Amino acid sequence: MYGPSHPHPAHHYDRCFKNINSSGALRVELKRRLRALSESEKLCQAHLLAAQVIEHPRYQASSRIAVFLSMPDEVQTAEIIKDIFQQGKECFIPRYKPGGSHMDMIKLASYEEIASLPLTSWNIHQPADDDSREDALSMAGGLDLIFMPGLGFDKTGNRLGRGKGYYDTYLEKCTHHPKGKPYTIALAFKEQICDMVPVTENDMKVDEILFESN
């Protein structure tokens with residue numbers, strides 16, 4: 001775990017990419033590392049992270065939570081989503097618009113309905129464009145917490161995404177909501193932790209990174 005109140009010891013960043021200083025080259029290396037992970041290792045790390053999330057004070061105090069639906073090379077969020085509904089919290093999932101960086105967080109009615117949602121070109125389920133559901137930012141409630149994916153992260157909270165800018169654009173939009181920007185927690189495999197992630201002025205840091213630290 002890395003966060004403002006949980007600074008992470010430097011020795012856990014020995015798996016850094018010290019000679020990679022461009023985002024493109026770092027993405028290539030991180031994708032290579034993710035491809036090398038076995039399914040059992042990914043599931044093991046995801047299970048440990050779900051347990052951390054469920055005990056996390058920010059999660060327990062939040063009632064409106066946004067969480068990504070995982071691609072094969074991302075931490076699986078199924079356990080977290082199930083717990084959100086079991087705890088009576090409200091769950092929102094991304095709806096991406098192709099050809100740009102626009103994304104909304106749309107309310108999910110239940111974990112079971114995910115399988116019935118249309119698939120995107122990335123093979124991710126999401127509500128259709130004409131599916132009229134609650135948009136998290138269209139209501140005064142906004143969001144309390146967002147769980148974020150990414151390709152790589154560093155110990156200062158910098159995040160390397162897939163180059164589309166969906167989350168950076170969305171978080172900037174959140175700053176204009178009456179409730180303000182929600183707390184952000186990135187979910188990462190330990191292999192995604194880097195010494196330094198190259199960023200631009202438009203990249204927004206995450207508040208905390210959860211990953212297996214042993």
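Just so you know, the numbers here start at 1 and follow the chain as drawn.
Placement of Cβ uses the backbone N, Cα and C atoms for every residue, glycine included.
Features of the protein shown, as given by TrEMBL:
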BINDING   LEU69, GLU74  substrate binding site
BINDING   ARG159, LEU160, GLY161, ARG162, GLY163, LYS164, GLY165, TYR166, TYR167  ATP binding site
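Annotated features taken from TrEMBL, shown on the structure.
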residue	record	DSSP (3 states)
LEU69	substrate binding site	coil
GLU74	substrate binding site	coil
ARG159	ATP binding site	strand
GLY165	ATP binding site	coil
Item to complete: Would you count the other CB atoms within 10 A of the CB of GLY165 (ATP binding site), including those on all shown protein chains?
Response: 17
Response to the item:
One should report the C-alpha separation between GLY161 (ATP binding site) and LEU69 (substrate binding site), rounded to whole angstrom, as 15
Item to complete: Determine which residues of the same chain, besides ARG159, LEU160, GLY161, ARG162, GLY163, LYS164, GLY165, TYR166, TYR167, have their CB within 8 A of the center of the CB atoms at the recorded ATP site, and list them by sequence.
Response: GLY150, LEU151, ASP168
Worksheet entry | Other CB atoms within 10 A, centred on TYR167 (ATP binding site) | 24
Practice prompt. With LEU69 (substrate binding site) as the reference Cα, tell me which of the binding-site residues GLY163, GLY165, TYR167 is the closest one.
Written response: TYR167
Practice prompt. Tell me the Cβ neighbour count for GLU74 (substrate binding site), meaning other Cβ atoms within 10 Å of its Cβ, over all protein chains shown.
Written response: 20
